[in-house]
Amino acid sequence: MKNRGRTKPKKNQWADHYTQKARDENYPARSVYKLMEIQKRFQVIKKGASVLDLGCAPGSWLIHAAELTGPSGRAVGIDLKPVDAALPPNAIAHTGDIFEMESTLGEAVGQDYDAVISDMAPATTGRKDIDAARSFALCEAALRVACGLLADGGNFVCKIFQGAEFKQFENQVKSRFTSHKIFKPDSCRKSSKEIYIIGLGKK
């Protein structure tokens, strides 16, 4: 006779694996493994580089960027939410809204960065078209910041939700960088619409 009681929902083994791995390795979130894969493939952050992390909370990308650039470099982050995680000596996090601060962001965080990275994502609604449009708006803001604050030859990493605006944003990146790549890390959920656009060598 079958058990008609409630069955326990299956655990998300993917999330459990990366969440536990991040905890074991002292990172605030599993998203760090996406940056690790991007770095391994494209070497967007060099030793001694200066890196700006847009949407840096809870701090995993900022911490790893600081590790990659080393003590002779620096990693600067900005997010609406404060970063509570302990940061390396060469990393600092600012609290603020890049939309509100866009015209004065250079005064707050400096300029001539070697890399600008963005793992920003909008508050999701469950409507794929709306979520993709909101993601596109964040990406355009990130690209404007990157174009204003990157040194010539600098690199750009940006997460975007795939949708109707994806090709438009890809073309914007393509026009501003010597080369560009589209990449979905293995550590992303296979069902996720998120993907990364990497701009290499700001023109």
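Glycine is treated like the rest: Cβ placed from N, Cα and C.
Noted in Swiss-Prot for the protein shown:
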type	residues	note
BINDING	Gly59, Trp61, Asp79, Asp97, Asp119	S-adenosyl-L-methionine binding site
ACT_SITE	Lys159	active site, proton acceptor
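Taking the features listed in Swiss-Prot, we show where each one sits on the structure.
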residue	record	Cβ contacts under 8 Å, 6 or more apart
Gly59	S-adenosyl-L-methionine binding site	Pro28, Ala29, Gly77, Val83, Asp84, Ala85, Leu87, Ala93
Trp61	S-adenosyl-L-methionine binding site	Ser31, Val32, Leu35, Asp53, Gly77, Ile117, Asp119
Asp79	S-adenosyl-L-methionine binding site	Leu54, Gly55, Cys56, Ala57, Ala93, His94, Thr95, Gly96
Asp97	S-adenosyl-L-methionine binding site	Leu80
Lys159	active site, proton acceptor	Ser118, Asp119, Met120, Ala121, Ser135, Cys139, Glu194, Ile195, Tyr196
Pairwise C-alpha maximum, in angstrom, for the residues (Gly59, Trp61, Asp79, Asp97, Asp119) that bind S-adenosyl-L-methionine according to the record:
18
Within 10 Å of the Cβ of Asp119 (S-adenosyl-L-methionine binding site), how many other Cβ atoms are there?
23
Please report the DSSP secondary structure of Trp61 (S-adenosyl-L-methionine binding site), reduced to three states.
helix
